[in-house]
Amino acid sequence: MKRPWQGQVEPPLLTTVPRHDPHNPLCPGATRANGEVNPHYEGTFLFDNDFPALQPDAPSPGSSDHPLFQAEAARGVCKVMCFHPWSDVTLPLMSVPEIRAVVDAWASVTEELGAQYPWVQIFENKGAMMGCSNPHPHCQVWASSFLPDVAQREERSQRAYQSQHGEPLLMEYGRQELLRKDRLVLTSEHWLVLVPFWAVWPFQTLLLPRRHVLRLPELTLAERDDLASIMKKLLTKYDNLFETSFPYSMGWHGAPMGSEAGANWDHWQLHAHYYPPLLRSATVRKFMVGYEMLAQAQRDLTPEQVWTWSTLGPWVPFSLLFPQGIPIIMTLRIPATWVFLGTQELTPSSSGYSSGRSHQPPHPTCSPPVSSVS
């Protein structure tokens, strides 16, 4: 963490995003690429992606003459969901009732698309660093006729754990983290936020309901209220960490649906992953290259260091947490199974972000990540 850095430095964030841009295809009243005009929406807005990666009528690729060249049709639908009519806000800058409306919209679209498709993937790429092409607050929803690779790995791992231990893996894991208190970031009546024991991204977190819940539509009204509140606190913590609008990729995982909804999925537990790329500052990110690509994931920070830092807040000097001269120590973390890889708001200002003193990622399914402490 303290090694000299002469590598890539990300450009500073845009200091000003217009609240409404009539040429931005996500803004109310704007014309999109397909010629459709957005309504003058005042809350969330869901529409079909103008450039979908999945099509409901995708043709079959046909049979193959060799076992090494097998392919099947990938069918589905892709949608875009705007969180708010204003382009100059993000989820942590929205009010709790506004975030609660997003939670309800997530649950609604999951139920709608899940009636036909076995997998509904809600995900948000926040920030240009994570490939987001439009600063307007939004997420995407892809529903597919198949279980994607990560979903299949989570399915196998959770099923195997319950078969061996008699209870859902993530229910037991949440209870253990509550007891140990080594990696908890936030707790509330209905939710936990923690840095996973198996985390490989520097400030990776896992969001878990305390109750056994399979899917987003099954959340009670109280759980949805509490989810909106703890999301605002978590994302505000992220923004405060380096005093920037913190980039990340996040997504929800729940039990399969569609024609498979009637099967026994009690080994599943609803959860959300947050994968932020930043490592040591607002402009230096972690690169999953070299050893990570060719051997296994390497940690620049242990989950416990991340927890300590997120608890103390960004006002503790970085050098005190990671002093120079400490040798690199590599350790292997071996969980039972490989499943997954202050709260004061930041406000945009002319010089970037300011706050008060408050304080694509690989999934390790085959080999444990390496911890590197420097």
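Quick reminder: no glycine exception, Cβ is built from N, Cα and C everywhere.
For reference, TrEMBL has these:
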type: DOMAIN; residues: 1-148; note: domain 'Galactose-1-phosphate uridyl transferase N-terminal'
type: REGION; residues: 1-23; note: region 'Disordered'
type: ACT_SITE; residues: His138; note: active site, tele-UMP-histidine intermediate
type: BINDING; residues: Glu154, His253, His271, His273; note: Fe cation binding site
type: DOMAIN; residues: 155-305; note: domain 'Galactose-1-phosphate uridyl transferase C-terminal'
type: REGION; residues: 351-374; note: region 'Disordered'
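Looking just at the domain 'Galactose-1-phosphate uridyl transferase N-terminal' (1-148), the mean pLDDT is 89.
Geometry remark: His253 (Fe cation binding site) versus His138 (active site, tele-UMP-histidine intermediate), CA distance 18 Å. His138 (active site, tele-UMP-histidine intermediate) counts 20 other C-beta atoms within 10 Å of its own C-beta, drawing on all protein chains shown. Across the domain 'Galactose-1-phosphate uridyl transferase N-terminal' (1-148), the DSSP tally of helix, strand and coil residues reads 25 helix, 30 strand, 93 coil.
When the Cα atoms are compared, His273 (Fe cation binding site) and His138 (active site, tele-UMP-histidine intermediate) turn out to be 17 Å apart. Rounded to a whole number, the distance between the Cα atoms of His271 (Fe cation binding site) and His138 (active site, tele-UMP-histidine intermediate) is 20 Å. Of all the Cβ atoms in the protein chains shown, 22 others lie within 10 Å of the Cβ of His271 (Fe cation binding site). Packing around His253 (Fe cation binding site) is summarised by its Cβ count: 24 other Cβ atoms lie within 10 angstroms of its Cβ, all protein chains included.
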